[in-house]
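*Asks:* Pasting the relevant annotations from TrEMBL:
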SIGNAL    1-24  signal peptide
DISULFID  Cys33-Cys246  disulfide bond
DISULFID  Cys81-Cys91  disulfide bond
DISULFID  Cys96-Cys103  disulfide bond
DISULFID  Cys151-Cys236  disulfide bond
DISULFID  Cys156-Cys219  disulfide bond
DISULFID  Cys164-Cys182  disulfide bond
DISULFID  Cys186-Cys195  disulfide bond
DISULFID  Cys196-Cys206  disulfide bond
Amino acid sequence: MHQFGISQTTLFLTLYFLLSGADSATFTVVNKCTTTIWPGILSNAGTSQLATTGFVLQTGNSTVITVPSSWSGRIWARTLCTVDSTNKFSCVTADCGTGTVECSGNGANPPATLAEFTLDGDGGLDFYDVSLVDGYNLPLTILPMGGTGNCTAAGCVADLNGSCPSSLRVVSASDDSESVACKSACEAFGDPQYCCSGDYSTPETCKPTSYSEYFKHACPAAYSYAYDDASSIFTCAGANYVITFCPTAAATEKSLGQAAVSPDLTASGSTTSSKLIPAAFASLIITVPFFLP
């Protein structure tokens, strides 16, 4: 019965969402990973940059960002970041290349799991998705709060680093047995059929490959290649959004068609053999068998 109790965090979020102005939306970015992450934000061309374009987020913490109601752009998380002797900031995965925590108009260096948004688009709808088109570095979900319409969760909750095909693996510099990210086939091979470019630049000519199907099987509610629109883009109207890295069960239940629940933003305090995935989610992680090179 304890899991249904109303926490102070849940009450705060509910009131915050109800009182948010109609001319703006809020993104609550949550870190449920077992290590620190550094989220980055890139506004699309023609959209104003937000007040922050990058920040640090400790394990178990969350940050609320206010965005214009018509904003479009992407959010991701950098991992394994350090500052060198010249005070240059850099990250092993999803680095934006500015040398600082702020990304200042730069995008993520792939591979990176992306949360993508177009707010107040056609028909007044928000369009949102989680994309693995540029590869994968962390589990990620988007959960709408307080909107109208379909408003289901999007995302990828699987630990793909542990099962990434060898030809797509990005390994730790200190331990080549530890996979820290999983490249897209486009990045790994540069072949037009994987990149949906050249003779493969239309939905009719660019089809799923064995590599994109690996991502899709593991993460059916995320983009696996450029034209994977039908099952990967979601809509809602007038919502605020909770963006969770290394999510636990709440967002997963809604993505499976369960009733909406308020997210638990507290840290699990548990550890597992994975350095990034919380133990509370271990039973839900998908381990994907593969036979790709």
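A Cβ is built for glycine as well, from the same backbone N, Cα and C atoms used for every other residue.
Automatic, uncurated: that is what TrEMBL annotation is.
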*Asks:* Spatially, and counting Cα to Cα, which of the disulfide-bonded residues is closest to Cys206 (disulfide bond)? Options: Cys151, Cys164, Cys186.
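*Replies:* Comparing Cα positions, the closest of these disulfide-bonded residues turns out to be Cys186.
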*Asks:* Among the disulfide-bonded residues Cys33, Cys151, point out the residue whose Cβ has the most other Cβ atoms within 10 Å, with all shown protein chains included in the count.
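*Replies:* Highest number of other Cβ atoms within 10 Å: Cys33.
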*Asks:* By a 10 A CB contact count over all chains shown, which of the disulfide-bonded residues listed here is most packed: Cys156, Cys186, Cys196, Cys236?
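*Replies:* Result of the Cβ crowding comparison: Cys156.
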*Asks:* If one looks at the chain holding Cys96 (disulfide bond), which residues at least 6 apart in sequence have a CB under 8 angstroms from its CB?
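*Replies:* Spatial neighbours, sequence-distant, of Cys96 (disulfide bond): Gly40, Leu42, Gly54, Arg78, Cys103, Ser104, Asn106, Gly107, Ala108, Asn109.
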*Asks:* So what sits near Cys195 (disulfide bond) in its own chain, CB-to-CB under 8 Å and at least six residues off in sequence?
*Replies:* Cys186, Ala226
*Asks:* Given the disulfide-bonded residues Cys91, Cys246, which one is most crowded in terms of C-beta atoms within 10 angstroms?
*Replies:* Cys246
*Asks:* Where Cys156 (disulfide bond) and Cys236 (disulfide bond) are concerned, what is their Cα separation in Å, rounded?
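*Replies:* Distance (Cα to Cα, whole Å): 19 Å.
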*Asks:* Given the disulfide-bonded residues Cys81, Cys91, Cys164, Cys182, Cys219, find the one whose Cα is closest in space to the Cα of Cys236 (disulfide bond).
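*Replies:* Closest by Cα distance to Cys236 (disulfide bond) among the disulfide-bonded residues Cys81, Cys91, Cys164, Cys182, Cys219: Cys219.
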*Asks:* Sequence order is fine: just name those disulfide-bonded residues in Cys81, Cys91, Cys164, Cys182, Cys246 with a Cα within 10 angstroms of Cys219 (disulfide bond).
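*Replies:* So the list reads none.
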*Asks:* Going by Cα-Cα distance, pick out whichever of the disulfide-bonded residues Cys33, Cys91, Cys182, Cys246 is nearest to Cys151 (disulfide bond).
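*Replies:* That would be Cys246, the closest of Cys33, Cys91, Cys182, Cys246 to Cys151 (disulfide bond).
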*Asks:* As a test of the contact definition, list every same-chain residue at least 6 positions from Cys182 (disulfide bond) whose Cβ is closer than 8 Å to its Cβ.
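*Replies:* The answer is Pro111, Gly135, Tyr136, Asn137, Leu160, Asn161, Cys164, Pro165, Leu168, Arg169, Val170.
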